[in-house]
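What follows is a set of notes on a single structure, which appears directly below.
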Ligand code: NCD
């Protein structure tokens with residue numbers, strides 16, 4: 001039985017296969033309408049979510065399966081003090097696969113150790129968010145036709161932003177990837193990503209604080225929200241929250257074929273005027289999230305691709 005806890009749980013070849021399946025799903029949706037008939041997905045969300053939870057649910061419904069679950073810790077027995085280990089033992093009796101989001105780093109890993117069904121990490125604290133990464137990879141590949149030889153700018157909260165950590169881990173495996181890490185000093189990437197991922201793979205990267213300066217060289221600009229819920233004090237959040245605001249003026253500095261991605265939700269970091277720019281890809285990205293999660297559910301449940 002397989003889980004998805006970290007983007008590296010799938011090799012480059014397996015990731016490629018999954019993205020190919022997601023691509024086929026995008027173009028032949030009706031063909032997949034019954035491949036998971038009778039199967040159940042449990043969504044165990046101990047933290048707020050719109051896209052991740054609902055795209056998982058939409059994905060399972062599109063495959064003919066059903067969904068059950070909870071959308072906040074308060075409405076589950078976690079509020080009574082139940083452990084993740086006990087909860088997952090029970091969920092294993094009710095569902096065939098589960099997606100878990102939790103504020104504690106490593107909670108889905110603990111769940112996987114007590115589970116008899118596949119566990120998908122749908123975001124654990126400021127750590128990892130592998131299904132967002134699969135979404136990001138499918139989006140980048142669909143828009144540019146490749147996942148190699150790209151200059152990727154990651155902008156905003158690189159310290160607490162789990163989507164950034166997972167995306168870096170996944171992308172360092174492709175040739176010719178360069179990163180420009182754009183953040184205020186206080187929100188730079190954690191040391192373990194710098195040392196164990198970037199330096200270990202000999203990847204080219206620069207850490208800068210000016211978005212304007214980085215814009216002209218980027219093929220992809222990945223904007224992120226400052227992660228309010230991970231700050232220890234509100235003062236710091238208020239000081240840092242509007243560090244970067246992407247607007248039409250900044251977009252003029254970018255290549256004509258650069259794409260803007262954002263895992264969403266957006267707060268202030270992308271001005272709504274940018275939404276009309278053909279290079280704004282964040283809403284298309286959210287749509288890709290459904291196809292990739294359909295492909296992931298099929299892969300983990302070992303469902304055959306229909307002919
Ligand atoms: C992200 C998350 O939860 O980490 N959202 C998402 O899943 N699309 C990004 C964020 O909350 O800023």
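Heads up, the Cβ atoms here are built off N, Cα and C, so glycines get one too.
If you look up TrEMBL, you'll see 2-141 marked as domain 'Aspartate/ornithine carbamoyltransferase carbamoyl-P binding'. The carbamoyl phosphate binding site annotation in TrEMBL covers 51, 52, 101, 129, 132, 264, 265. The annotation L-aspartate binding site is assigned in TrEMBL to 80, 162, 225. If you look up TrEMBL, you'll see 150-299 marked as domain 'Aspartate/ornithine carbamoyltransferase Asp/Orn-binding'.
Neighbour counts of Cβ atoms within 10 Å were compared across the binding-site residues 51, 101; the minimum falls on 51.
In sequence order, 50, 51, 282, 285, 286 are the residues near residue 264 (carbamoyl phosphate binding site), counting only same-chain partners six or more apart with C-beta under 8 A. Here the candidates are the binding-site residues 80, 162, 225, and by Cα distance the one nearest residue 265 (carbamoyl phosphate binding site) turns out to be 225. Among the residues the record lists as binding carbamoyl phosphate, namely 51, 52, 101, 129, 132, 264, 265, the two farthest apart have Cα atoms separated by 16 Å. Fewest other C-beta atoms within 10 angstroms, among the binding-site residues 129, 162, 225, are seen around 225. Around residue 265 (carbamoyl phosphate binding site), a 10 Å sphere centred on its CB holds 10 further CB atoms from the protein chains shown. Surrounding the centroid of the Cβ atoms of 51, 52, 101, 129, 132, 264, 265, where the record places carbamoyl phosphate, the chain contributes additional residues within 8 Å, namely 49, 50, 122, 123, 163, 263, 289. Checking the binding-site residues 52, 80, 101, 129, 132 against ligand 1, the ones whose Cβ sits under 6 Å from it are 52, 129, 132. In the three-state DSSP assignment, the secondary structure recorded for residue 51 (carbamoyl phosphate binding site) is helix.
For residue 132 (carbamoyl phosphate binding site), applying a Cβ distance below 8 Å and a minimum sequence separation of six or more within one chain yields 52, 123, 162, 163, 166, 167, 263, 289. Those residues noted as binding L-aspartate (80, 162, 225) have their most widely separated CA atoms at a distance of 32 Å. Cα separation, residue 80 (L-aspartate binding site) to residue 129 (carbamoyl phosphate binding site), rounded: 27 Å. The Cβ neighbour count for residue 80 (L-aspartate binding site), using a 10 Å radius over every protein chain in view, is 6.
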